[in-house]
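Student: Pasting a structure below so you can have a look.
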Amino acid sequence: MIDEVVKVLNDVKRKMPLIHVITNYVVMNDNANALLSFGASPAMVMSPEEAYDFTAISNALYVNIGSINNEIKQAIINSVSSASVHKIPVILDPVGCAAIKSRIDFVKMLLKLGSISIIKGNGGEIKALSGENANVKGVDSLDDNGVMEACIKLAQKTNTVVVSTGKEDYISDGKKVVIVKNGTPLFTKITGAGCTLGAIMSATSAVSDDKIIAALTALLAVNIAGELAEKESNLPGTFRAKFINNLYIINPDIIKKHAKFEVLKV
Ligand SMILES: Nc1ncnc2c1ncn2[C@@H]1O[C@H](COP(=O)(O)OP(=O)(O)OP(=O)(O)O)[C@@H](O)[C@H]1O
Ligand SMILES: Cc1ncsc1CCO
Ligand SMILES: [Mg+2]
């Protein structure tokens, strides 16, 4: 598996995929800088008039519903429709859906509208989408109980690769689950670590048809870059900058040295 991860990492750098990003206002700049450091080419195109055509010329679409309004919703609908027609991978980040129930309906509508390659949320968001009660505070998840089971269940229900983040991360296609143990709690002290992960996952999905490998590559790159950043600074402001630097520096040898994951059949 690690050899496939290395290939995806190298392919992002070589191909510099164009990523159509529809994300929240909070993390816009962080997502763009993270993608550039990782070797991809971000473009934040958020207007309903431009969304359909821009998705058509992109290599992947990242949809994050963290600060949606009617206009952004329409842009998302247009882009997801375009992605289905033009066979562009879509990474969907259901930010806040455990706290704001109408977002669950919007996500379900999107799942019917087009083919979604990966649903990626924190433990609370994935639990809420799978129909479980979730303990959250706004966009933050407060407990990890039953998250792996919810991730597997949602993957089976939606026939999609589902990624759930937290202290441990889970990737499932409903048949197996990959548990990733890298990362640092400092990610919970900066805003948008999950959103940045979603953006990076869009870059890896642009160059890999195997969405489990695409998800694993993004998780290892982000979480290991975070571990290395923490060694340089354990304060949030500087950690954020060091994280971007390490996302730029990260290479196959670093990934191979630090990766901590296991695969279970379900
Ligand atoms: N306690 C922790 N220990 C190690 N890594 C963590 C921890 N909490 C989160 N992470 C890592 O931080 C990243 C973001 O995960 P998190 O679950 O915090 O996302 P999120 O809540 O969606 O974030 P945001 O909404 O701020 O974008 C993931 O790569 C995850 O592995
Ligand atoms: C803080 C916040 N509020 C809406 S989206 C967002 C970014 C982290 O999810
Ligand atoms: Mg999130």
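For all residues, glycine too, the Cβ spot is worked out from N, Cα and C.
Annotations in TrEMBL come from automatic prediction, not curation.
Not measured: the values here are computed from a predicted model.
Straight from TrEMBL, here's the annotation block:
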BINDING   Met44, Gly192  substrate binding site
BINDING   Lys120, Thr165  ATP binding site
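Each of these features: where is it, how hidden is it, and who are its neighbours?
Tutor: Spatially close to Gly192 (substrate binding site) yet at least six residues away along the chain are Asn24, Val26, Val27, Asp30, Asn31, judged by Cβ distances under 8 angstroms.
In sequence order, Lys120, Gly121, Asn122, Gly123, Gly194, Leu197, Leu219 constitute the residues six or more apart from Thr165 (ATP binding site) in its chain with CB-CB distances below 8 Å. Reduced to three states, the DSSP call for Thr165 (ATP binding site) is strand.
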